[in-house]
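Feature annotations, reproduced from TrEMBL:
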- 58-86: transmembrane segment (TRANSMEM)
- 59-500: domain 'Major facilitator superfamily (MFS) profile' (DOMAIN)
- 136-155: transmembrane segment (TRANSMEM)
- 201-218: transmembrane segment (TRANSMEM)
- 230-247: transmembrane segment (TRANSMEM)
- 347-368: transmembrane segment (TRANSMEM)
- 377-399: transmembrane segment (TRANSMEM)
- 405-428: transmembrane segment (TRANSMEM)
- 449-466: transmembrane segment (TRANSMEM)
- 478-496: transmembrane segment (TRANSMEM)
Amino acid sequence: MHQEAEIKSHHALEIEQPAAYAEKADVADYKADAIEAENAEHAMTVMQAVKAYPMASFWAFVMSCTIIMESYDVFLIGNFVALPAFKNKYGVFHAATNEYVIETKWQSALQVSGQLGALIGVFLAGPLTSRIGYRWATLTGLMLLNIFIFTFYYARSLPIMFVSQLLEGLPWGIFIANAPAYCSEIVPIKLRAPATQMLQMFWAVGSIIVGAVTYRYNNRLDSSAYEIPIALQWMFPTPLAILIFFSPESPWWLVRKGKHEAAARSVERLGRKSTTNSSETVAMMRRVIELEKSDKKPSHLELFKGTDLRRTLIVCGVYAAQNLTGNLIANQAVYFFEQAGMGHDTAFALGLITSALQMIFVMLSWILTTYFGRRSIYLWGSAANTILLIALGIAASVGKSNSATLAQAALGLIVSVLFTLAPAPASWVIIGETSAIRLRPLTTGTGRATYYIVEIPCIFLASYMLNPTGGNLGGKCGYVWGGTGLFCLIVAYFGLPEMKGRSYREIDIMFKRHIPAREWKKTEIDIKDDE
């Protein structure tokens with residue numbers, strides 16, 4: 001009787017707590033697989049990762065192409081203010097230079113309009129992507145962009161151009177928030193740097209296309225000189241939409257939604273079946289998401305609480321610094337070269353050369369960031385840029401001469417190119433790696449919003465400093481950007497951790513342990529640790 005009662009009691013306990021036992025067994029099962037998958041990723045070399053995940057590299061390439069559209073338009077507006085046909089149509093006569101110029105207020109307004117739209121777009125991107133996924137959010141943006149380009153093409157006044165640019169900015173915000181997150185989620189650890197740095201490369205590609213087109217039409221004085229470059233925007237959205245329709249959803253997003261089988265299929269589409277184990281990879285993702293598990297829905301308010309606050313500040317700080325360490329000189333390269341004293345044709349040619357060099361240097365940054373780390377490249381690159389910006393100011397202060405003009409042009413070109421070798425591409429890697437998985441769409445969106453919030457007043461300042469109807473500082477603007485660059489460098493030295501070679505589990509744990517930024521490189525995390 002006693003033995004029978006004990007058996008009944010044991011069965012009753014099993015009936016009362018079946019879920020708890022199943023959950024413990026399930027956790028034990030996938031944790032072992034998770035450890036295997038993480039060890040496998042750590043053991044891979046870069047070339048082994050490319051061979052194991054060839055399609056991941058391809059789809060990261062496709063998603064990065066969405067950045068071309070914002071880049072194209074940003075540089076297009078920057079070049080329009082230096083384009084004779086556009087200045088003659090929409091400018092005012094400036095007696096001192098004996099030519100038409102776009103008024104400072106409209107020069108600033110046109111360059112800021114797209115960023116205002118993108119600022120709204122990035123706040124829409126987070127909730128939209130969290131709900132429907134990266135694929136459908138990006139497809140929505142591409143279709144909207146196709147429609148909004150019509151507004152820009154048929155605009156016949158500066159106010160309508162302002163509105164059209166604002167509308168185009170909405171989908172840009174979706175692309176720029178989603179692309180770094182998606183690229184960092186679909187590739188293994190060793191490919192995170194090159195996959196996210198492709199974003200900077202395609203930013204350069206956009207500027208190259210603009211440079212080539214505007215250089216070609218620079219000497220035409222009819223409306224086709226600016227209408228054809230506007231129409232060429234239609235080259236991008238539809239082909240990209242077709243490709244992205246067939247792309248796999250991020251397996252991390254699918255695991256967050258509890259769709260483990262769909263996540264495994266996505267992993268299989270990203271890698272070779274012979275070299276990857278989808279069930280182990282999904283288990284690794286489940287382990288990280290369990291670490292971040294919360295009963296609450298992801299919200300913007302959560303970004304500013306606990307350890308997520310530090311992560312949010314890093315993403316926002318890196319984004320903001322892009323505008324304060326030479327980026328605006330790069331974005332206004334042609335206009336800068338004109339104000340430094342170069343002729344129209346020479347300015348456009350130098351702008352095109354700058355863009356081509358930027359693309360080459362972004363490719364070089366893949367090697368540097370992959371092997372030397374994010375923090376090191378970011379800090380050394382920012383320091384070099386700060387020194388060169390101050391040198392630019394000095395070159396502009398020594399008086400007007402042919403030598404001074406050439407020195408300013410050379411330093412402006414070097415600053416624009418060096419920015420894309422170190423600080424800019426390293427930023428994209430940092431942005432993709434820093435945020436928590438469950439908050440990633442919201443964090444990247446908020447970070448990019450910070451970028452626009454800082455960029456908008458900086459555009460007004462940059463336009464004022466360069467415009468002959470404003471400050472007319474020319475290369476002396478190097479003093480201003482050198483000062484802001486130095487501030488960003490000091491903050492980064494104390495606040496930016498090194499995440500090279502770290503899995504998302506390790507990054508989560510190190511943030512939760514409040515490890516100081518300068519200690520990350522020498523800190524070891526046991527493969528079995530979950531907290």
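Even glycines carry a Cβ here, placed using N, Cα and C.
230-247 is the stretch from 58-86, 230-247, 347-368, 405-428 with the greatest number of Cβ pairs below 8 Å to the transmembrane segment (136-155). Taking Cβ pairs closer than 8 Å, the transmembrane segment (58-86) reaches residues 102, 107, 110-111, 114, 118, 134, 138, 141-142, 145, 165, 168, 171-172, 175-176, 178-179, 182-183, 186-187, 191, 195-196, 198-199, 201-207, 209-211, 214, 217-223, 225-226, 229-230, 232-233, 236-237, 240, 243-244, 247-248, 270, 331-335, 338, 344, 347-348, 351, 355 in its own chain, all 6 or more past its ends. Within the chain carrying the transmembrane segment (377-399), a Cβ under 8 angstroms from the stretch's Cβ atoms is held by residues 318, 321, 325-326, 340, 365, 368-369, 407-408, 411-412, 414-415, 418-419, 421-423, 426-427, 430, 473-479, 481-482, 485-486, 488-489, 492-493, 496, all 6 or more beyond its ends.
Mean pLDDT, taken over the domain 'Major facilitator superfamily (MFS) profile' (59-500), works out to 84 on the 0 to 100 scale.
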